[in-house]
Amino acid sequence: MKEIKSIEFKNEVLYLIDQRKLPNSYEIFECKTYRDVNFAIKEMVVRGAPAIGAAAAYGVVLAAKEFLKEDREIFFEKIEEALEVIANSRPTAVNLMWAVKRMKKVIEKNKELELIDIYQALKKEADSIYLEDIETNKKMAKFGNEVIKENAVILTHCNTGALATVGYGTALGVIREAHYSGKNIFVYADETRPRLQGSKLTAWELVQEGIPAKLIADSVAATLIRDGKIDVILVGADRIALNGDTANKIGTFMLSVIAKVYNVPFYVVAPTSTIDFEIESGKEIIIEERSPEEVTHINGVRIAPEGIEVYNPAFDVTPHENITGIITEKGIIKPPYKENILKLK
C-alpha cells in the first residue's frame, strides 16, 4: 500500500491528513501560519503525541517565516508569542512541549545570526524531528516485536499508527512489524469513545495494510481478556512520568486493571521523547478535559438529552505497577521504572 504520511512540509506549507474526516473522506488540511497549526492541534486535525510534536515544530518554522520582514526586536517578540501559543495548544502530550523546547533552543543558540539564517536553522531542526520520529518508530517496532509470539492475538486502544506519528507508528508500529515478519497475528481494536479513534483511524490503517482484525466496542474488551482470548495488550502514551505512570487515551487505565487481574501482558509503546523527566509520578500530569459535545453527539447528531451534564477527560493515568514494560527506541524498560528510566536520560 501507499505509505501513510500524516504530516508533510513543502513549499512553506504544512500538509496534514485531516483525521476528523476519516474514514469516510480523505482530505488534506493546509497550515500556512502557526495559528493554523495551533487550530489543527486543538481541534484534532492532527493527533497522537509524536505527530503533534512534529506539527508544533513546523508551526514554529511557519511563525519564523511570517515574521522575517520585521525588525529583529519585533521578530523575537513575535516568535516568543508564537512559541507560547503553540505550546498551549493541548496540555497533556509532552512531545508538544519537547518539540517547542527544541525549537526554542535553536533560536537562542543562533540569536546573533541573520533572521533568514535563524529561519533556516529552525527548518533544519523541524526536519530532524520529523526524520528522527520515523527512525525511532522503526526501532521501537523491532524491540516490540520481541514480545509478540507466533499467532498472537493483540488488543490495542485508540490510534497509535502512522496517523499518530510522522510514520509507521508506536504500538501499531509493533503490530505492523509482527505482521510483516510473518507471525500470523490477529488484532482486536477498541473503538475508543468518545472520539472513536479506534474505529475511525486504527481500523482504517489495519484495513489499508491488510492486517487481520476485528473492531470492538470498548466494553467488549474485558470479556475477551477474561475468556483468555487476548495474548498481549499494546497501547501508546502521551506522557510518562519518572516512576513509569503513563497518561494515555481515556480507557487505557481500565484495560490495565483487567489485564492485571487476568495476567495478560500490558505494554506501553512510546519514544523516550514522551518521558517527562521533570515529574515524579502521574499525579503531576495535567489531564485535558474536552468539549461535552464529544460525548453528547456523534458526527454532529445528538445522542444524549438536552440538559445532561458531561465529564469528558481526554486521558487517564495508568499506574506503573499495571505495566509489564515500556517499549522505547532504546529497548524495553522493565521495573523498577524510575531507576531504569533515569539510565536513559
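Positions of Cβ are set from backbone N, Cα and C atoms, glycine also.
For Arg47, Gly48, Ala49, Arg90, Gln197, Asn248, Lys249, the entry in Swiss-Prot reads substrate binding site. According to its DSSP assignment, Arg90 (substrate binding site) is coil.
For the recorded site, Cys158 (site 'Transition state stabilizer'), the DSSP three-state label reads coil. Positions annotated as site 'Transition state stabilizer' by Swiss-Prot, on the basis of sequence analysis: Cys158.
What Swiss-Prot records for Asp238 is active site, proton donor. In three-state terms derived from DSSP, Asp238 (active site, proton donor) belongs to neither a helical nor a strand segment and is classed as coil.
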Across all the protein chains here, work out how many other Cβ atoms are within 10 Å of the Cβ of Ala49 (substrate binding site).
28
Using DSSP and collapsing to three states, where does Gln197 (substrate binding site) fall: helix, strand or coil?
helix
Long-range neighbours only, meaning 6 or more apart in sequence with Cβ under 8 Å: which ones does Asn248 (substrate binding site) have?
His157, Cys158, Val235, Gly236, Ala237, Asp238, Val268, Phe315, Asp316, Thr318
Using DSSP and three states only, what is Lys249 (substrate binding site)?
strand
Which of the three DSSP-derived classes (helix, strand, coil) applies to Gly48 (substrate binding site)?
coil
Let me know how many other Cβ atoms fall within 10 Å of the Cβ of Arg47 (substrate binding site).
26
Grab the substrate binding residues from the record (Arg47, Gly48, Ala49, Arg90, Gln197, Asn248, Lys249) and give me their largest CA-CA distance in Å.
17
